[in-house]
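Taken from Swiss-Prot, the feature ATP binding site covers 7, 8, 9, 10, 11, 12, 13, 14, 133. Sequence annotations record features per position, and here Swiss-Prot assigns substrate binding site to 108, 109, 110, 111, 187 based on sequence analysis. Taken from Swiss-Prot, the feature active site, proton acceptor covers 110, and the record attributes it to sequence analysis. Positions annotated as K(+) binding site by Swiss-Prot: 130.
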């Protein structure tokens, strides 16, 4: 088995190859909703070649996307170039997770995949924090069920909004303030401090409120594109896990394969 897992967020799209035993390659590209199957394959073919793989090596594809207008092109990529009918989260893939919220159809594909990936490794109940375009806090019960969560603006979105809405504030890179200083001494350091420590306080405050509301100890896992930025800056996060989403996709693929056999 050679599985191509595609995880598409609003900002980045990840392509990962699993050979049945381990992940052998991972690549990221900027998410562009208008990118065609032909454009994807030109880019992907070069990367596959660097790994010594050809199109014929791929015999399974699973897709998770939060960008509806991109799914057609990703599905077309799978059908035309790999001759594979893909599993698509939210369409033909059976997730095998109990979704205990008022409107289960509104649960984002990425959030459910993360919940499955987390429940495979960590004993629940869990808080799964995904730091991307949005920062989400999702609750996974002790039995693995998805029980809702919180959606907040992402750190990059907040920094972008500062720059675009305030004429004198520059566009800057997001990074941890030098020397862990709280108070900035110029515009750039003040912005970095506000966004970085503001998000640390967001994480610490919401995790504390979630635990208080539920009245039980919970394990907190962080994943996502900028999660590593917070490592060592707070005691509210127990584990940083960059493989959470692709682990969930692999498990969903296996569940569907078993169901079909």
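Every residue, even glycine, has its Cβ placed from backbone N, Cα and C.
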Quick one: of 110, 111, 187, which binding-site residues lie within 10 angstroms of the residue listed as 'K(+) binding site', measuring between C-alpha atoms? Sequence order, please.
110, 111
Nearest-integer angstrom distance between the alpha carbons (Cα) of residue 110 (substrate binding site) and residue 9 (ATP binding site):
8
Rounded to a whole number, how many Å is the Cα of residue 109 (substrate binding site) away from the Cα of residue 11 (ATP binding site)?
15
For the ATP site (7, 8, 9, 10, 11, 12, 13, 14, 133), what does the 8 A shell look like? I mean other same-chain residues with CB within 8 A of the CB centroid.
31, 66, 67, 132, 225
Among 108, 109, 110, 111, 187, recorded substrate binders, what is the largest CA to CA distance in Å?
38
Within 10 Å of each Cβ, count the other Cβ atoms, then let me know which of the binding-site residues 11, 13, 133, 187 comes out lowest.
187
Rounded Cα-Cα span from residue 133 (ATP binding site) to residue 187 (substrate binding site), Å:
24
Long-range same-chain neighbours of residue 9 (ATP binding site), Cβ under 8 Å, sequence gap at least 6?
31, 66, 67, 110, 132, 133, 225
Relative to the Cα of residue 108 (substrate binding site), which of the binding-site residues 7, 11, 13 has the closest Cα?
7
Name, in the order they occur in the sequence, the residues of the same chain whose CB lies under 8 A from the CB of residue 7 (ATP binding site) and which sit 6 or more residues away.
13, 14, 16, 64, 65, 110, 113, 245, 246, 249
Rounded to the nearest Å, what's the C-alpha distance separating residue 111 (substrate binding site) and residue 11 (ATP binding site)? Just drop the number here, would you?
15
Taking the Cβ of residue 130 (K(+) binding site) as the centre, how many other Cβ atoms fall within a 10 Å radius?
27
Please report the DSSP secondary structure of residue 110 (substrate binding site), reduced to three states.
helix
